[in-house]
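Taken straight from Swiss-Prot:
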{"type": "SIGNAL", "residues": "1-24", "note": "signal peptide"}
{"type": "DISULFID", "residues": "31-81", "note": "disulfide bond"}
{"type": "DOMAIN", "residues": "31-81", "note": "domain 'BPTI/Kunitz inhibitor'"}
{"type": "DISULFID", "residues": "40-64", "note": "disulfide bond"}
{"type": "DISULFID", "residues": "56-77", "note": "disulfide bond"}
């Protein structure tokens, strides 16, 4: 296979990995945690996975501590937790 063909294959595999949803058995356990703004007083938009609604939702993050179910972008939340 030519180097161009290998590069195309690598690109397609990477795209497939990014776009493939996480199955519930592969979902990290921290995705079940509730949204936690943390103790700080910042007003940052963040996203968390809501297991009841089975989707990523917005919430206000204080900027420190909180829990691992806190994402800067909805894409990162979906990639990590959404089924």
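The backbone N, Cα and C atoms fix where each Cβ goes, and this holds for glycine too.
Features per Swiss-Prot, on structure.
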| residue | record | contacts (Cβ under 8 Å, 6+ apart) |
| --- | --- | --- |
| 31 | disulfide bond | 49, 51, 69, 80, 81 |
| 40 | disulfide bond | 62, 63, 64, 65 |
| 56 | disulfide bond | 47, 48, 49, 50, 71, 74, 77, 78, 81, 82 |
Once the chains shown are all counted, how many other Cβ atoms turn up within 10 Å of the Cβ of residue 64 (disulfide bond)?
11
Can you see whether DSSP assigns residue 56 (disulfide bond) to helix, strand or coil?
strand
Mean pLDDT across the domain 'BPTI/Kunitz inhibitor' (31-81), rounded to an integer, is what?
97
Taking DSSP as the reference, which of helix, strand or coil describes residue 81 (disulfide bond)?
helix
Within 10 Å of the Cβ of residue 81 (disulfide bond), how many other Cβ atoms can you find? Include all protein chains, please.
25
For residue 64 (disulfide bond), just give me the three-state DSSP call.
coil
